[in-house]
Amino acid sequence: MKLFGTDGVRGKAGEKLSAQTAMRLAMAAGIYFRKYSATNVILVGKDTRKSGYMIETAIVAGLTAVGYNVLQIGPMPTPAIAFLTENMRCDAGIMISASHNPYYDNGIKFFDNCGDKIEENIEAEIEKIYYDDEMIANAQKTMTEIGANKRIDDVIGRYIVQIKNSFPKELTLKNLRVVLDVANGAAYKVAPTVFSELGADVIVINDEPNGSNINQSCGALHPEELANEVKRLRADIGFAFDGDADRLVVVDENGEVVHGDAVLGVLATYLNEKKALKGGAVVATVMSNAALEDYLKSHKIKLLRANVGDKYVLEMMKENGINFGGEQSGHVIFNDYAKTGDGLVTSMQVVAMMLKKGKKASEIFKAIKPYPQILLNLKITEKKPLEKIAGLKELEKNLEKDGIRSLFRYSGTENVIRLLLEGKNQNLVEKRMNEVEKFFIKALNA
């Protein structure tokens, strides 16, 4: 059985992701990282899911069993793990989170000693070790060689300093009222602290995690409550994070949710104006709206498209010497400040841009009006290779003739196919989506 998906290992806690699986996976990872070990220390963090305790304990057991020392830092955002792994000179970092998924799911993500998400070839090596009984048995230490673990609570300060350093020193948030929806997740302490220390008038919602309310009708996937609060409190802006705070959704002062591609496009031109956009280009994904491409083109900025997943965006950024990119879902990567999508870094750049321009959020983001786009997540029973689905090529050709861009892809973590249609005529896009949905229901026993 394949362990790794598009973003680490993920599944229902206690089922696909059991304590046994987590412990053995940690042992396999420990065996792999040992080959390049400099400090013999691995950092482990988590979000606020109840199952995080079980998985964390299992991971610590697995790592110490193969001789690794472990630093446990408790609930922290995924980008904090990436930063702290390098900052504290650890051999690797492990984040226990299923990101935006419901509380009953959990996941394990690995970072190398530079704070980068591990590449697919490394995942394959760890997976190979995982299934090698002899290697696992031989790697287990005894007596004095067994590793130790240490729980530390004060590293949050290092990450807060890093986030504040991404905000221009000459600016202050003193006259800004900000509403934060921390999704009962990993940002519940750090996000309010950063904004308060920079002088903002901060109102926080969904900041009482109980182990099972992470992402529950709140945060980046459900910004409705945030939108209402921003309007009610007459705030200047609202920010919604997801469970592990690697993505961000922006709500303007009118309570309107800003399209993710509008956030990307406007931030790109802001960086370009500051002469801080490297490579004269931005990396987005195949899901990004064509309106983003047209907007960037009008500002003489190129758009490159990567596969869906922030690690693929980052790969393409590195290959092309680009320092800015992201996904319309809210993963935005400022490579000068972070190694992965970081909701807090993004929020800092958004408020800095507002202050520098002296404009309201709604005025800034109205520059990009996305073309009508429909994304449908269809539950399926089988993942048949797309190239083997009869009639699909013909369907795609017909959509192209209608001036409709289409993208069909399976989720890497769920039994779902994502159907995307985009065009300039809303009614036509809706009509064609009905036909596409019926086609896939029949083809994939949905």
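Note: Cβ is positioned from N, Cα and C throughout, glycine not excepted.
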Report summary line: Out of Ser99, Ser362, Ser406, Ser411, Swiss-Prot lists as part of the Mg(2+) site with Asp242, Asp244, Asp246 the residue Ser99
**Report entry** Extra residues within 8 Å (Cβ to Cβ centroid of Ser99, Asp242, Asp244, Asp246), Mg(2+)
**Finding:** Asp47, Pro77, Thr78, Ser97, His100, Gly185, Ala186, Ala220, Phe241, Gly243, Ala245, Arg247, Gly341, Gly343
Requested in this report: Report, as a single number, how many Cβ atoms besides its own are within 10 Å of the Cβ of Asp246 (Mg(2+) binding site).
Outcome: 34
Report task. Note down the number of other Cβ atoms within 10 Å of the Cβ of Asp244 (Mg(2+) binding site), including every protein chain shown. Result -> 35
Report task. With H, G and I counted as helix, E and B as strand and the rest as coil, say where DSSP puts Asp244 (Mg(2+) binding site). Result -> coil
